[in-house]
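Enquirer: According to TrEMBL:
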TRANSMEM  7-27  transmembrane segment
TRANSMEM  51-70  transmembrane segment
TRANSMEM  91-113  transmembrane segment
TRANSMEM  125-146  transmembrane segment
TRANSMEM  153-171  transmembrane segment
TRANSMEM  201-221  transmembrane segment
TRANSMEM  233-258  transmembrane segment
TRANSMEM  295-320  transmembrane segment
TRANSMEM  341-370  transmembrane segment
TRANSMEM  376-393  transmembrane segment
TRANSMEM  455-475  transmembrane segment
Amino acid sequence: MALHVEGLVAIVIFYIVILLVGIWAAWKNKKAGDMGGVDRSETIMVGGRDIGLFVGGFTMTGGMFFAKPMRSKGYITMLDPFQQLYGKRMGGLLFIPALMGEIFWSAAILSALGATLSVIVDININMSVVISALIAIFYTLVGGLYSVAYTDVVQLFCIFIGLWISVPFALSHPAVSDIGVTAVNKVYQRPWLGKIEASDIWMWIDNFCLLVLGGIPWQVYFQRVLSASSATYAQVLSFLAAFGCLVMAVPSVLIGAIGASTDWNRTSYGSLSPTEKEESDMILPIVLQYLCPPYISFFGLGAVSAAVMSSADSSILSASSMFARNIYQLSFRQLASDREIIWVMRITIFVFGALATSLALLTGTVYGLWYLSSDLVYVIIFPQLICVLFIKATNTYGSVAGYIFGLLLRIGGGEPYLRVPPFIYYPGWTQMKKVNHLTHEAEYYIRQRFPFKTVSMLASFLGNIAFSYLAKYLFESGKLLPKYDFLDGVVSKHSKEIMDKTTLMNSDNITLAEMFPVKSQLSTTLAGTFITKEELDDKETSPDSSNNQIN
């Protein structure tokens, strides 16, 4: 296949536009930081909390229950409430699956971009991945959330136009049959509208819950929630984004149906279908390349590039924000200056971006790593998020127990994509055989039909509650002496372990007057994070009463 010069030019133009938008947003960010009187590090992380409905709706594509409490309490990252209630060490443990999810997701989509560019433009995969990652890293470095949010607007417009404009051309190709007919009848391939076997229904329910609930506890989502100008805006943005996700998903479904309705022998792709060539995961670029005119396929390529850069920059910024604030600042350097935090963020943006790029280029199982890490986010972080926001009686001991339960039960189920065998065989397990259509080699793996992921999540949730109440009973009843509260989870909530003295552990019985004075060198970001009306009193109070409580 020869190099497509037109496609290369189109990609270069697209990248230049994205870069210019990112630089403009970075300038806007700097101007806002200089005039707003707030720390620039906070502006980089949450965009000065002035992301409006238009920009926010395009960047956030659960808000009913989670957006309002997170935004109303003035948190800066998703991990803030965990460190506030469970302490810095538990926050560090929860940072691990959150970081894995963001990095592996960035690597997976960068790998997909490289494969797409190689199919349509026929350029070197490594070069395309590196260039795309460098551009995303650069404007994220200089502009933070402002650059990410404003480039997201351009990128999502490109996704919408690029994919929808490709659909009618692919449908009208002579090799494509009526997708309404092929949905239920075998024409060239199996019907694309499948059915759920009775024995697999619980597995489907398990994956459904994973997709719906496991997509909530991600910093990349809460970064946009926390950047909204108010809690109400945060909820509205979430609903708008949910609608946007549905609209964006339609062309992808249609393109998949088109691929399953095509007589590939009548195209230059070859006689075997993508499924038979083990290339079904590449159906989007294949349809664009072989069923659409070249100029249309370049629009589609722009859509894919936009989608990848939109996700990669957000994930990298999310990971660096959590590290700079929750690990570096709150755990080790409480007196760090705003300038120091900004430089830590810049360094980690580059490091995490380079790590994701390296994984995309060097690791063949990056998708499997992301599948496993996303499962851990669902199994470990989601139940902890429910507890920390809505069940105030939970403590560090319950959090540790829930973490361990969820981790062991999920890892115990194995991961076929990574060829990790299970050591827990759940009810209904069966051995499956997979044959490669090209090499005819057989591979055996264990399929867990039991909904063990959701059960692991529920075990983590219930374990957190049970062990929290158990620890609370043992210490408060005197059965265990206060000196044994080594995690500072029940008796020692005033201890230095719980982040810093500006953090309120229980608004009903702890006021700022009871805490050690905050040193003047403390950055305004750290000192002001949790000193809000909502944090001082979960109940409705007037601004005057809140001010009196502070004084």
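Going from the start of the chain as shown, residues are counted 1 onward.
Even glycines carry a Cβ here, placed using N, Cα and C.
Curation does not apply to TrEMBL; its annotations are automatic.
Give me the lay of the land around each of these features.
Expert: Within the chain, the transmembrane segment (153-171) has long-range Cβ neighbours (under 8 A, six or more residues past its boundaries) at 14, 17-18, 21, 54-55, 58-59, 61, 179, 244, 247-248, 251-252, 254-255, 258, 287-288, 291-293, 296-297, 299-307, 309-310.
Residues 60, 62, 66, 77-79, 98, 101-102, 311, 314-315, 318-319, 321-322, 374-375, 377-378, 381-382, 384-385, 428, 447-454, 457 of the same chain lie 6+ residues outside the transmembrane segment (201-221) yet bring a C-beta within less than 8 angstroms of a C-beta in it.
With a cut-off of 8 Å between Cβ atoms, the residues of this chain six or more beyond the transmembrane segment (295-320) that come close are 4, 6-7, 10-11, 14-15, 18, 59, 98-99, 102-103, 105-106, 109-110, 112-113, 116-117, 120-121, 132-133, 135-137, 139-140, 144-145, 147-148, 151-152, 154-156, 158-163, 165-166, 169, 218-220, 223, 284-285, 288-289, 345, 348-349, 352-353, 356.
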Enquirer: Counting CB pairs under 8 Å, which listed stretch among 7-27, 91-113, 125-146, 376-393, 455-475 touches the transmembrane segment (341-370) the most?
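Expert: So the stretch in question is 91-113.
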Enquirer: In the same chain, which residue numbers or ranges, 6 or more beyond the ends of the transmembrane segment (91-113), come under 8 angstroms Cβ to Cβ?
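Expert: Contacts with the transmembrane segment (91-113): 78-79, 82-83, 128-129, 132-133, 217-220, 304-305, 307-308, 311-312, 315-316, 318-319, 322-323, 326-327, 330-331, 352-353, 355-361, 363, 366-367, 369-370, 373-374, 376-377, 380-381, 384, 400, 403.
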